[in-house]
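According to Swiss-Prot, the protein has these features:
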type	residues	note
ACT_SITE	164	active site
DISULFID	286-305	disulfide bond
DISULFID	329-346	disulfide bond
DISULFID	417-430	disulfide bond
DISULFID	456-473	disulfide bond
DOMAIN	273-400	domain 'Ricin B-type lectin 1'
CARBOHYD	200	N-linked glycosylation site
CARBOHYD	361	N-linked glycosylation site
CARBOHYD	401	N-linked glycosylation site
MOD_RES	1	pyrrolidone carboxylic acid
REPEAT	283-325	repeat '1-alpha'
REPEAT	326-366	repeat '1-beta'
REPEAT	369-401	repeat '1-gamma'
REPEAT	414-449	repeat '2-alpha'
REPEAT	453-492	repeat '2-beta'
REPEAT	495-528	repeat '2-gamma'
């Protein structure tokens, strides 16, 4: 047992809470998959190392310890003085290794929200979170009082403010805001949908094939609109701080991202899964077989995504690295920049011309030529070609049947929101009803003001300190393609730099391009 992770509500600040959550995340991280931290693979964890304790106190006098299972980041038990209490569904080994020397009791409910809410006679929406709620939870559990209803309610507070906050950047951020402003809050529909879909999102990322999830994950926006997440490059994936371990991607042993060796019995994701999806790209248009013509050599174009899923915009991502519509292959005519991309019979085409890798960053590359799929024309119906990879916006793609832009506000330094002002962009107090703070995130990696989706966030130059402004999307430049990363940065692939609030001073009214430092003025969050 290394040092106990501690948090006290006495004199707590958003900073002290942030440090607590970061320490907890660090202790729970077992590796990286697709560059996202993941809990340890249960097959690699010995039972005696399966649990960690977190000490929560609200003063010198009152503290409790919470036992957390490292394989799912879940609260399984707590200790109050010389007594310890275990949730009904706690693993058998929990009572062996957690809180030795205490008198152990079993609680009458398990750790699922359904059961906790039934015993609490309240739903999560009705239970306030924040410092006051946590202070009370610690006092109540420490008192050893036998009121089951109140026990369940206080555990709902602790689970969300510790476990859920460790799993999601947006939940830890929300708690941080409530500490900073001294106000309690109830979980909104977006937060609840994230809590309910943690295993689905984790599985989607780990089982993704060529960027596509095996199943859609349906989240909710704050105003109860469905948010469909069906691809690794969907910007919402960046709110994950920690994933549940589901399985290792089949090619993980070649992946430099995995920091632990694969053991024999470790679960490998199925490689049999071959998703059929749309491929959205420039200006949200879809990869389309021109005029439904499947004769060899017919060109592939960018066309507006149809209201219904239709065959000539549907592509099966095969495990042999071909991408097929109606059984025929997406094929490059040659290996020189500017060669056009066509539909072709898979068996008679040159094999290397039909192979494509879809990278996590939205690049679709033909390995033989090292050229990438590109929509050079901004007009509908333009022929797709292969070009030298420059991470241009017109070379950005996202797979999935839901190719419509994802509309969100973007909060950053000091919990202020990104706001469009003419051709400029800066930070202002967040206001859900302000159109100037709504951003449409397109499949091509562009970030567009909802007020005018012909305008894209663009870095003026390719150099450190360059201001970020709104410019015409019709350019399709590299300076208009952005990646939302799990470290909180909004990243320019071409420049290898990130969006940065100049000088950590919002009053300068400038967001600039700057090398990544990880400081708070480079950390952003989609609030959908």
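Note that Cβ sites are derived from N, Cα and C of the backbone, with glycine treated the same way.
Taking the features listed in Swiss-Prot, we show where each one sits on the structure.
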residue: 164; record: active site; CB count, 10 Å: 23
residue: 200; record: N-linked glycosylation site; CB count, 10 Å: 18
residue: 305; record: disulfide bond; CB count, 10 Å: 23
residue: 329; record: disulfide bond; CB count, 10 Å: 24
residue: 346; record: disulfide bond; CB count, 10 Å: 17
residue: 361; record: N-linked glycosylation site; CB count, 10 Å: 17
residue: 401; record: N-linked glycosylation site; CB count, 10 Å: 18
residue: 417; record: disulfide bond; CB count, 10 Å: 23
residue: 456; record: disulfide bond; CB count, 10 Å: 29
residue: 473; record: disulfide bond; CB count, 10 Å: 25
Rounded distance in angstrom between the Cα atoms of residue 473 (disulfide bond) and residue 200 (N-linked glycosylation site): 34
Among 286, 430, the one of these disulfide-bonded residues whose Cβ has the fewest neighbouring Cβ atoms within 10 Å: 430
Whole-number Å value for how far residue 456 (disulfide bond) lies from residue 417 (disulfide bond) (Cα to Cα): 17
Structural state of residue 305 (disulfide bond), classified by DSSP into three states: coil
Helix, strand and coil counts within the repeat '1-gamma' (369-401) (DSSP): 3 helix, 11 strand, 19 coil
Using Cα positions only, nearest of the recorded positions to residue 346 (disulfide bond) (164, 200, 286, 401, 430): 286
Residue 164 (active site) to residue 401 (N-linked glycosylation site) - Cα separation in whole Å: 29
Beyond the flanks of the repeat '1-gamma' (369-401) by 6 or more, those residues with Cβ under 8 Å of it: 210-213, 216, 228, 230-231, 233-234, 275, 277-283, 285, 287, 290, 299-304, 309, 315, 317, 332, 334-341, 356, 358, 361-363, 443-446, 456, 473-478, 480-481, 493-494
DSSP three-state assignment for residue 286 (disulfide bond): strand
Number of helical, extended and coil residues in the repeat '1-beta' (326-366), per DSSP: 4 helix, 15 strand, 22 coil
C-alpha spacing of residue 401 (N-linked glycosylation site) relative to residue 305 (disulfide bond), in angstrom: 10
Pairwise CA distance, residue 430 (disulfide bond) versus residue 456 (disulfide bond), rounded so that it is a whole Å: 20
For residue 200 (N-linked glycosylation site), the one of 286, 329, 401, 456 that lies nearest, given that the recorded positions are compared by Cα: 401
